[in-house]
Amino acid sequence: MQDIQGIVDSIYDSMLPRLGEGKVADYIPELAKVDPNQFGIAITTVDGTTYTAGNALVPFSIQSISKVFMLTLALGKAGETVWNRVGREPSGSSFNSIVQLEHEHGIPRNPFVNAGAIVVTDIVLSGHQPREAIGELLRFVRYLADDDTISIDDTVAKSEQATGFRNFALANFMRSFGNLHHPVEHTLGVYFHQCALSMTCAQLSRAGLFLANRGRNPLSGHTVVSDRRARRINALMLTCGHYDGSGDFAYHVGLPGKSGVGGGIMAVAPGNASIAVWSPGLNKVGNSALGSQALELLATKTGWSVFGA
């Protein structure tokens, strides 16, 4: 039996001298205000126990990590037809690249780059008003984490809406190819709000637990997705979850994961645990600098890498 709390504490101790490393995302004004000298880690094991250290109870903007939850909703709604509109291949380009999109006729490379996530949001929006789609996501994440206090930070959403020119360009470009079915402002309104979900490491580690437990949420006992779908979402997180740093993350950490420019990373150790780390300073490819290091240390200490201990 592993001493998970001991491992979590030792990782936190290792990160303490390095607080403040990396560069906070400054192109979203609200994120630029976040104190970089923070680090939190939470692990929720498949028996439902959560272990925390550091700033694990401080809410932060989960940003692109929300794409995992939106993809889960879209697959529940549209099934495999989702893949008619978005691919499943790593991009090798920056998360907001428009060049690849033009070359591939408006079909984004995968659901975790911005263009792909916007298409996924468009699918979830089908049959809904924007407010209803936002509400559906919020209810879903609260249900997964078993926590009704999770909320959306409207200030962050407005900040993104005011500065998200590249996302407007991507959305209009895909609309011109017929791969966006709703008005751009509706789809992006939902997208900016989903990215502004505010969660703690503890909440996020619980929300991702269904992916570590064959699609079943051990907190509620309910099946969220099939075993097969959980496996496939994990596969996409492993290959595409960290922008053009996905290969490097697989090499060093060896766990399915999804990062966000708010400094969070949600990772999955299938059969063992769901993990959330957060530190606002980002590395050169937009992933949490300390978060990535902490997960590499975790994989080494636990032997949880999907490629073997």
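Numbers here mean position along the shown chain, with the first residue as 1.
Cβ atoms here come from the backbone N, Cα and C positions, even for glycine.
Annotated features in Swiss-Prot:
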BINDING   SER64, ASN114, GLU160, ASN167, TYR191, TYR243, VAL261  substrate binding site
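Feature map: Swiss-Prot annotations on the structure.
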residue: GLU160; record: substrate binding site; Cβ contacts under 8 Å, 6 or more apart: ILE28, ASN167, PHE192, CYS195, ALA196
residue: TYR191; record: substrate binding site; Cβ contacts under 8 Å, 6 or more apart: ALA117, ILE118, THR121, ASN167
residue: VAL261; record: substrate binding site; Cβ contacts under 8 Å, 6 or more apart: ALA25, ILE28, LEU31, GLN63, SER64, LEU282, GLY286
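TYR191 (substrate binding site) falls within a helix when secondary structure is assigned with DSSP. Every protein chain shown contributes to the tally, and the Cβ of SER64 (substrate binding site) ends up with 24 other Cβ atoms within 10 Å.
GLU160 (substrate binding site) falls within a helical segment according to DSSP. Under the DSSP three-state reduction, VAL261 (substrate binding site) is assigned to coil, being neither helix nor strand. For the substrate site, whose annotated binding residues are SER64, ASN114, GLU160, ASN167, TYR191, TYR243, VAL261, the maximal Cα to Cα separation is 19 Å.
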